[in-house]
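Now, the feature entries from TrEMBL:
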SIGNAL    1-20  signal peptide
DOMAIN    47-264  domain 'Peptidase S11 D-alanyl-D-alanine carboxypeptidase A N-terminal'
ACT_SITE  S73  active site, acyl-ester intermediate
ACT_SITE  K76  active site, proton acceptor
ACT_SITE  S128  active site
BINDING   K232  substrate binding site
Amino acid sequence: MKKYLAVFLLFQTISVAALVCEFGKIKDNTYSEELTYKKIENDSLYKSYILVDDNTGEILIEDNKDSSYPIASLTKLMTAMVVLDNNFDLDRKIKVSSEDASIPYGVRIKAGKEYRIKDLLYYTLMMSSNSSANALASSVSKDFVSLMNKKAIELGLHNTSFCTANGLPPKYTNSCIDVSSAYDVYKMTKYALSNYPIIEEITSTKYKKVDGINLINSNELLRKNDKIKGVKTGFHDIAGYNISIVYEDEEKNTRLYEVILGSDSNEDRMLISETVLKNF
C-alpha cells in the first residue's frame, strides 16, 4: 500500500516539508506555496496518522485519518474518562475480584486487596495495567463498555467502537476488538486532557511511587524530551504499535497533537515522533 500525504505547510509552527522528507523515500510535487503533495513509499511506518496544530485546529499532516484500526491500550483513555464521570471521590477504595486480578500485562494488582480509585488510574494510564483497568470498570457498571461507546457517540467519534476496558485483543477477552481512527483518537485525547485534569496529570508523569510500587511511564518519549507532555501508548500483536502524544513549546506558544496507529515496530513509532520533535 502506497501512502499519500496532503501536507498544508504552516512554516511559522513547524517545517512540515522537512518533517515529511525524513519519513521515507519521497517523491515531491509542489502545486503551490500553500499546498504540497507528498508520496511516501514506506508501508511499515504506520496505518493511520494525524498531526494537528492545537492553536488553530488545523490538520498539518494526515494519512488515512478516518480509517478504523485496532488501538490496543489507547482504549484506556476512554476507560479513564468513563470512570471519572462516575467517581467523584478518587480516594474511595474498591476491592479487586480474582477475575480482574488475573488479567495479564502491566502492573498486576492483587485479588481481595482494596485500592484507591486514583492509584488504579495511575497503574492504568502510566503502566497500562490491564487488571487495573478492568477493576475500575467493574466498580462502575457491568455494562461499562456500553458506557464507553455511549461516550464515544457523544464525542462524535464516528469511527470508534469499544469492546473492552483494557484494549486487549480477542484471544484474551473472548470479545471483539477495540478500534478507532487517528482523527478520533486525536479528538478523544484532546477532550480527555481538556476536561479531566487528573488524566493530564497522570499521563504527563514520568516516574511515581504508588502504594509501594515504582511506576515508569510506558511512554518512553516523555523521558527523552521536555517538549513531550504525554499521553498514551498502545500495543498488541494485531494493533501493532500505537501512540497519542502532545508536544508543547511555551516559548513559541505552540502545541501539537500527534496520533500514530499501526506501526510495525516501536522503532518506527519512535522515529516518526522524534522526527516531528526535531522540526518542532
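Backbone N, Cα and C define each Cβ position, glycine as well.
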Quiz item: Which residues in the same chain, at least 6 apart in sequence, have a Cβ under 8 Å from the Cβ of the residue listed as 'active site, acyl-ester intermediate'?
Solution: S128, N130, N166, G167, K232, T233, G234, F235, H236, N242
Practice problem: Calculate the per-residue pLDDT averaged over the domain 'Peptidase S11 D-alanyl-D-alanine carboxypeptidase A N-terminal' (47-264) and state the result as an integer. | Solution: 96
Quiz item: Taking the Cβ of K76 (active site, proton acceptor) as the centre, how many other Cβ atoms fall within a 10 Å radius?
Solution: 31
Quiz item: Which one of these recorded positions has the most other Cβ atoms within 10 Å of its own Cβ: S128, K232?
Solution: K232
Quiz item: Under a three-state reduction of DSSP output, how is the residue listed as 'active site' classified: helix, strand, or coil?
Solution: coil
